[in-house]
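**Student:** Below you'll find the structure I mean.
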Amino acid sequence: MFAGYETLITTIALGAILAYSFHVVLMAGQLSLGQAGFASLAAYVATLVVPTEPLFGSLSPVIIGLPVGAAVGAAAAFLVGMPVLRLRGVFLAIGTIAFSEMVRVFMNNAEWTNGALGLRVEKWVTFDFAWIVVAVLAYLFWRLGPSRTGRAFAAVREDELAASSMGVNVVRTRMLSFTASGAIAGVYGVMFAYFYGRITPATFDFGLTVDGLITAVLGGYLVFFGPILGSGFLTAVPEIQDAVGLEAGWIHPLVTGVLLLAVILFLPGGLSTIFSRFRRVPAAPDPDYAPLDGLDPLPDKGTEIAKLHGIGKAYGAVQAVRGVDLEIRSGEVLGVIGPNGAGKTTLVNMISGLEAPTSGEGEVLGVRLGATGGAHRFAQAGVSRTFQHSKLFDRLTVLDNVLVGTHAVSKSTYLRRLLWLPSARRDERRALALAWAQLERVGLADRANLRPGALSYGDQRRLEIARALASHPTLLILDEPAAGMNHVEAAELAGLIRSLAEDGITVLFIEHNVKMVLEACTRLVVLNFGEVIAEGEPSEVAADPAVVEAYLGTEDIEDGEVEHV
Ligand SMILES: Nc1ncnc2c1ncn2[C@@H]1O[C@H](COP(=O)(O)OP(=O)(O)OP(=O)(O)O)[C@@H](O)[C@H]1O
C-alpha cells in the first residue's frame, strides 16, 4: 500500500522516536541535549550483541538490540544525570551537549568502533517494525499523560517549588524523565543503525540533537502524539516541495525554516495545540466515592503537631528569623502577623520544608526542620501550603491543578494503567472525587475546565487553597490568602478557614488583613524583626501596646488591611 514511500514513512517513524526522547524531558521542563550521546553508545553496544541471522528463521534480530540499547541509554543517562541534574535550563543543556561530544570523540578514537569509518550492520529494521516501535512509545505516553506520574512531570515543568510543596519528589521526577529519555534515545540509536546499515561517530553529532529538539518542539510536548506530528511535518515538507517542483537546494531549508517559525510564533504549544480543543472534558464527580475514602483520619484536637525551639534563619548578614519558639496544636487557627520583612514567610517556609533553619531545631508532623528531601517530605507528612504570590500550574486546567494536590495521598497508577488494571481506575476515581470535593468547597467546580489564567485574582487564590486541601492536610499554611480580595471575598475566606478548622484541619496563616485575622484566628503570633513580640488570644494581642506600636499603629482595624512601608 505504501510501495515507493516506505523509506519516507520509516524516516518519519525514526524521527518520531528521536523526538520522543526529547518529548519526555520537555514534559518535565528539562532542556536536556545528551540524546545523541546516549543513542551513539546504545547503537555501538548493540552491534556487539545483535545476531547476524534472523531469529527463528524470520524474526528481526533487532528485537534483541532494542532492550540492550534501551538499557545502555538508560544506564548512561542515570550516571550522567547524577551530576548534571543539579543544573537547570541552559546550563543543563550545555552540560549534556558536552557529554554527547565526549562520546563522539571517544567513538572516533576507539579501535572496536572502527574510528571515523564506523561499522556496517545488516539492515534489519523494516517499515512495519519501525511503526510498531512508534506505536508502543505512543501508547506509553498516551497512558502516562493523565496518570499520577504524568501529572507530576507536568507539575515539575510548570513550577518545581509548588510541585514539591504538593508532595512531588522533584529530584526523582527529573531523574525519571532523564533516564527515560536516555532509554528512548538508546532505542533510536539501535533503530537508526539497523535501518541505514551503517553508523559512524558523525552520525550522532550536534545536528542530530538539533533535529530531535526541533521535531519535539514543533510537534508539541503537551500531547502524546506531538513527536509523530512533528516528524511527519518536517519529513513531508521537503517531499511536498519536490512534488510541486520546488527543487532548488536553497528552497528546502528556506520553506522549512519559514514554516517552523510560523508554527513557533502562532502555535507556541506546537502543532498538537490544534488538537487541544478536543481536550478531555473533566469527568463529573463520581457518586460512588466519598472524598475521604481510605485516607488517614486527622489527629485529635489539641494534639501537638509542630514544635519549634530557638529557630532562626540568616541570609548572609540578614537575620530574617531569630530564636522563634512555637508550638502548634491540632485544630487551631494560628495567625502570624507583623510588618513587611518581619520574617513571616521565612518562618512558614521553614515549617513547610522549603528552607532549612540556620539555628535552632524543630519538628513538624514527625519531620525534622531542615531534614533532607525538603518540601515533598513535609507534604507527605501532611503539611500543605499556598504561596504569597500564587504558584499555580498555568498550562494545566483548574481540575488538573487540584489533582496534582492529591499527589501526596494517592498511589502511583502508571504501570497499572498500562495494563488497564481496575485498581488503577479505582485509585484515579478516588483522587478525582477528592479534587472535585475541594473545587466545590471553594466554589470553583463550574470552572474546572478553564486554565488558571482565565480566573479572577480572588478565584486564583481560592484555587490554590483547593489544590492545597486536595492533599488532605493536617496542617494547612496560607501565605496572605486574602491579598487582592475585596472585603466580601475576604469575609467569605474567613468563613472557609473557620469551617476547615471545624473539620479538624489546623490552619496557620499569614495575613495583613487584620479584621479577617481577628475574625478567623484562635491564636495570634506577632513577629517583628524576625522575633516573636507577642503571642496569645487575638483580642489580647491586638490590644498589646508593643504590637500596636510595631504593627497595628493607630489605624482603625475595622478598615481591614494594614499597610506598612
Ligand atoms: N532568599 C532570601 N535571601 C536574602 N534575604 C531574604 C530572602 N528571603 C527573605 N529575605 C529577607 O528576610 C527578611 C524577612 O523576609 P520575609 O519575606 O520572611 O518577611 P515577611 O514578614 O514575610 O514580609 P512580607 O510581609 O513583605 O511578605 C527580609 O529582610 C527579606 O529581605
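The first residue you see is number 1, and the count goes up from there.
From the backbone N, Cα and C atoms, a Cβ is placed for every residue, glycine too.
When I checked TrEMBL for this same protein, it listed these features:
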TRANSMEM  7-26  transmembrane segment
TRANSMEM  32-50  transmembrane segment
TRANSMEM  62-81  transmembrane segment
TRANSMEM  87-103  transmembrane segment
TRANSMEM  124-142  transmembrane segment
TRANSMEM  175-196  transmembrane segment
TRANSMEM  208-230  transmembrane segment
TRANSMEM  250-271  transmembrane segment
DOMAIN    306-554  domain 'ABC transporter'
**Student:** Decide whether the stretches the transmembrane segment (7-26) and the transmembrane segment (62-81) have at least 3 CB pairs under 8 angstroms, with pairs required to be 6 or more apart in sequence.
**Tutor:** no
**Student:** If you count every Cβ pair below 8 Å, which range out of 32-50, 175-196, 250-271 shares the most with the transmembrane segment (208-230)?
**Tutor:** 250-271
**Student:** I need to check the long-range neighbours of the transmembrane segment (175-196): which residues 6 or more away from its ends have a CB within less than 8 Å of a CB in the stretch?
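**Tutor:** Result: 10, 14, 17-18, 20-22, 24-25, 27-28, 30, 32, 34-36, 38-43, 46-47, 50, 62, 65-66, 68-78, 80-81, 85, 119, 121-125, 130, 133, 137, 149, 153, 203-204.
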**Student:** Near the transmembrane segment (87-103), which same-chain residues lie under 8 Å Cβ to Cβ, leaving out any that are not at least 6 residues past its ends?
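**Tutor:** Same-chain residues near the transmembrane segment (87-103) but 6 or more away: 30-37, 40-41, 80, 204, 206, 209.
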**Student:** I need to check the long-range neighbours of the transmembrane segment (250-271): which residues 6 or more away from its ends have a CB within less than 8 Å of a CB in the stretch?
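**Tutor:** For the transmembrane segment (250-271), the far contacts come to 214, 217-223, 226, 229-230, 233-234, 237-238, 241, 395.
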**Student:** Across the domain 'ABC transporter' (306-554), what is the average pLDDT of the model, as a whole number?
**Tutor:** 91
**Student:** Taking a Cβ cut-off under 8 Å, which residues six or more beyond the ends of the transmembrane segment (62-81) line up next to it in the same chain?
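**Tutor:** 34, 37-39, 41-43, 45-46, 49-51, 55, 96, 99, 124-125, 129, 133, 174-175, 178-187, 189-191, 193-194.
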**Student:** Residues of the same chain, at least six outside the transmembrane segment (32-50), with any C-beta under 8 angstroms of its C-beta?
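**Tutor:** Sequence-distant neighbours of the transmembrane segment (32-50): 18, 21-22, 25, 61-62, 64-65, 68-70, 72-73, 76-77, 80, 84, 92-93, 96-97, 99-104, 107, 113, 119, 121, 124, 178, 181-182, 185-190, 192-194, 199, 201, 203-206, 208-209, 212-213.
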